[in-house]
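Heads up: the structure comes next, in C-alpha cells.
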Amino acid sequence: MGAPDEVLNIAPDEGDKLRAKALAADAEELPAGYYTSPRVVCTFMSISLTLLSTYFAFEASAAAISFIIEDIGPSENVSLFSTVWTVSQSISILLMGRLTDRFGRRGFILGTNCVGIIGGIGCLYSFQRFNTMIGAQVLLGLAAGQPGACILFIGELMSNKTKFLGNVIVAFPNVIATGFGPYIGQSLGINGNWRWIFYIYIIITAVSTVLAFIFYHPPSFAQLHGKKISRRDELLKVDWIGAFFLTAGMTLFLLGVSWGGSPDPWDSPKILGLLISGIVSCVIFVLYECYAKIDRPIIPMEFFPGTFAGFGCMLLISGVMGSMNTALFIMYPQQVQHIFSSTLSSWQEVAWMSSTAGFGIWAGIVTLGSLFHIFRHIRWQLIFGSAWVTAFLGAMASVNRHKKSEAIAFSICTGFVIGWAEDVTMLLVQFISSDENLGVTFSVVSATRAICGSIFTAAFISLYTIKFPGQLQSKLVPAVPRRWGFPGVLLVAGFAYWRALTGQCPSYWLLFPGMTSNLIQVTNDAVADSYAAAYSYVYYFAMALGVIAIIASACTKDFDHYLTSHVPHQIYAAKDADVDLLDSDRSTENVSSAAVTVSEKE
C-alpha cells in the first residue's frame with residue numbers, strides 16, 4: 001500500500017493542511033489528565049527553565065559587565081557585549097519561524113539549548129580575552145531565540161482562550177531573572193565570582209535540555225508532512241537566498257544602529273557603511289521575496305497587504321511596545337544611576353531601585369495575563385493598555401532627584417502593562433494564522449518587537465546624549481554662587497563633566513584647592529537636574545510612539561470570537577511522535593473532516 005498522500009491523491013501542500021487539521025484538537029476532547037501528564041508538565045518546566053536561565057544570564061552579566069572587564073581586561077569592543085546578543089536573538093527568531101513550521105520544533109529547542117551551553121562554557125573560559133566572550137555572546141544570543149519564542153511553543157499547546165494562562169505559568173519563575181537578576185549579577189561581580197552567572201546558566205539549561213529530550217515530543221516531520229516527503233527534499237525548498245539577505249541585512253543594520261553615536265559618530269564612514277549596506281540587503285530581501293516565486297519564503301509577503309486590522313496592527317503594537325520596553329528596561333536603570341546615585345546610600349539600594357521596572361513587567365504578565373480571557377473585549381483591553389503606558393511614560397518625564405518615590409511607583413506602573421501588551425500581540429497573531437504557519441507568523445511579530453527595540457534604543461540614547469550638555473550648562477553655571485568667582489566655576493565644571501562621564505563622586509576631589517563639600521553638592525545637584533531634564537525628552541519621544549499604539553489598538557479587528565477551545569498542537573508520547581495521522585485507523589474520519597474545513601477556507 002502506498003503512502004496516504006498517494007492513496008488519497010493529495011497534493012503535498014493540501015496534505016499539509018489536512019495533517020494540520022488532524023493534529024489540532026478541541027480542548028474538551030483531549031484525554032482526561034492530559035495537561036497534568038508528565039510529558040506536558042515537564043515540557044512546561046523545560047521551557048520555563050530555559051526562559052529563566054537565558055534572561056538571568058543576560059540581566060546578571062549586563063549588571064556585572066564592569067567587573068568582567070576589570071577581571072579579563074578592557075576591549076574596544078565592549079559595546080558589542082549586549083548588541084551581538086540582541087542581533088543574534090532577532091535572527092534566530094526570524095529563521096526559527098519557517099524552519100520549525102517545516103521540520104518541527106523539537107530539534108530547534110534541543111539544538112538551541114546545546115548552542116547555549118557551548119556559549120556559556122565559552123564565557124567561562126574567556127580568560128584575558130574579551131573578544132572570546134563576544135563570540136560566546138553570539139552563541140548565547142542564537143540560543144535565546146528559543147525563550148524569545150516561548151510564547152509560541154507554549155501557546156500552540158493551549159486552547160485559544162487559555163493561551164495566556166500557559167504563558168503565565170511559564171513566566172512565573174522568571175521573576176528571578178527580571179527582578180533579582182541585576183542585583184545577583186552585581187553582587188557576584190563585587191565578590192569576584194561573576195563566572196557563577198554562567199555556571200548557573202549552564203546548570204539550569206542542562207536540566208532543561210534533559211527534560212526536553214525525554215518529554216518534549218511535539219508534531220514531528222512525519223506528522224507534519226507524511227512519509228512521502230524527505231527532509232532532504234524539504235531542505236532544498238528552504239529559502240536559503242532570502243535567509244542570507246535577511247541575516248546579512250539585519251546584522252549590518254542593527255550593528256550600525258547600535259554603534260551609531262557611541263562609540264562612532266553617526267556620519268562616520270563605518271556607521272554609514274553598515275547602515276546603507278544593511279538597508280540595501282533588506283530591500284533586496286523584500287524584492288526577492290515578492291518576485292522570486294519561492295516555495296517556502298522565510299517571510300511570506302502575503303501576510304501584509306489587506307490585513308492591517310489584524311496582522312498589521314499587531315506589528316505596530318508589538319514594535320511600539322518593544323520600543324517602550326527598551327525605554328524602561330534599559331534607560332530607567334541608567335536614569336536611576338545618573339539622577340539618584342548621589343542620594344542613595346549603597347550599591348544595593350541602587351540595584352533594588354533599578355529593578356522596579358522589571359518587577360512591574362513580571363507582575364503585569366502574571367496578573368493581567370490571568371484575567372485576559374475573562375475580561376474579553378480584547379480591542380478595548382489593547383486601547384486601555386496603550387493609553388495606560390503612554391500616560392505613565394509621560395509621568396516618568398517628571399521624575400527628578402526630589403521624586404524618588406514617584407520614580408519607583410511610575411516605573412512599576414509603566415512596566416505593569418508593557419510586558420502584558422508585548423505578549424498579547426504575539427498570542428493574538430496566533431489566532432489569525434493557519435496552524436501550519438504558526439511559526440512564521442509569530443516570528444515576524446516577535447522579531448519586529450526586538451528590531452524596533454534596538455532601533456529606538458539608539459534613538460533614545462542619542463537624544464539624551466545630545467540634550468545633556470545644553471542642560472548641564474543651563475543648570476550648572478547659575479547654581480554656582482557669584483562669590484566663588486571664575487575659579488570656582490571652572491572647578492565645578494571640571495568635576496561636573498567628570499561626574500557625568502563616570503557616574504561617580506569620590507571624596508578625593510576635596511583635595512583640590514578651592515573644592516569644598518558645598519561645591520560638590522552643588523555639582524551633584526546640577527548634574528542630576530541636567531540628566532532629569534535630558535531624560536524627559538526620551539519619555540516625550542516614547543509618548544509619541546504610545547499614540548501610535550493607541551491608534552493601532554483602536555483600528556484592531558474584534559478578536560473575541562477567536563477565544564475558543566481550539567488547540568493547534570499537542571505533546572505526544574515518544575512512541576507516537578512519528579505516526580502519520582493520515583495513515584492511522586482514524587484517518588478516514590480525520591481526512592473527511594479536514595477536507596471539509598480546507599475546502600471551506602478556499
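For all residues, glycine too, the Cβ spot is worked out from N, Cα and C.
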Quiz item: Out of N77, N160, which residue gets the N-linked glycosylation site annotation in Swiss-Prot?
Solution: N160
Exercise. Give the one range among 107-127, 355-375, 408-428 whose Cβ atoms make the most pairs under 8 Å with those of the transmembrane segment (49-69).
Key: 107-127
Practice problem: May I ask which of the stretches 380-400, 408-428, 450-470 has the most CB pairs under 8 A with the transmembrane segment (240-260)? | Solution: 450-470
Quiz item: If you skip the near sequence neighbours and keep only those at least six away, which residues in the chain come within under 8 angstroms of N160 (N-linked glycosylation site), Cβ to Cβ?
Solution: Q430, F431, Y562, L563, T564, S565, H566
Exercise. Give residue numbers and ranges for long-range contacts of the transmembrane segment (408-428): same chain, 6 or more residues beyond its ends, CB-CB under 8 A.
Key: 151-152, 155, 163-164, 167, 314, 317-318, 321-322, 324-325, 328-329, 332, 353, 356-365, 367-369, 372, 378, 381-382, 385-386, 388-389, 392-393, 395-396, 399, 442, 445-446, 449, 549, 559, 562
Quiz item: By a Cβ-Cβ criterion of under 8 Å, what residues six or more beyond either terminus of the transmembrane segment (271-291) are in contact with it?
Solution: 239, 241-242, 245-246, 248-257, 259-260, 264-265, 297-301
